[in-house]
Amino acid sequence: MAAASPVCGSQASAVGASSPPAPAPAPAAGLGRCRMALLLAVALDVAGMAALLTGVFAQLQVRGRDFGDLLIYSGALLVFLSLLGWILWYTGNIEISRQELERDYGLRPSAIARLARKLSRRWSAPATASPRTTAGLRSARRANRAPQPSSSGSRRVRLQLATLEAGSVAAGTGSE
């Protein structure tokens with residue numbers, strides 16, 4: 001979420017960065033660090049509730065058409081969209097120490113990581129091989145995947161689609 005960083009400010013540098021450990025951030029006072037996200041959430045809540053309550057209690061008619069439902073639905077939509085602001089504000093105020101980040105997300109050898117590296121190397125090996133070797137591997141895979149014809153007399157049919165022209169359809173002839 002690169003768009004969230006200007007709203008909430010930078011909280012910490014990357015875990016693998018070689019910078020000296022930064023001092024612990026000061027506790028957030030009052031509204032927290034993400035004041036713009038909080039302002040967005042509160043503004044959307046106020047506008048949504050105003051539209052929703054106006055749609056419920058006011059009799060809005062223009063040229064005999066009732067617009068109460070429009071205000072109810074748009075107010076509910078604004079209140080729902082305010083959840084984005086609340087989520088940004090809440091997640092922007094979570095404080096995690098560098099030690100906790102390194103403990104939870106540090107590079108530790110695990111069986112899953114080894115398996116992922118092994119599969120990645122195996123799948124990327126044909127891509128780095130020469131084109132002739134890669135073509136040979138592809139044809140070998142196709143031969144293994146191709147269904148074997150059964151002895152019941154079935155045969156393989158090749159279907160080719162071609163565009164039909166208006167003149168050839170009317171005349172009953174077509175190029176095949």
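Even glycines carry a Cβ here, placed using N, Cα and C.
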In Swiss-Prot, one of 1-21, 85-105 is tagged region 'Disordered'. Which stretch would that be?
1-21
Long-range neighbours of the transmembrane segment (70-90), counting only residues six or more past its ends (CB under 8 A):
4, 7-8, 32, 34, 37-45, 47-56, 58, 60
Mean pLDDT across the topological domain 'Cytoplasmic' (1-36), rounded to an integer, is what?
57
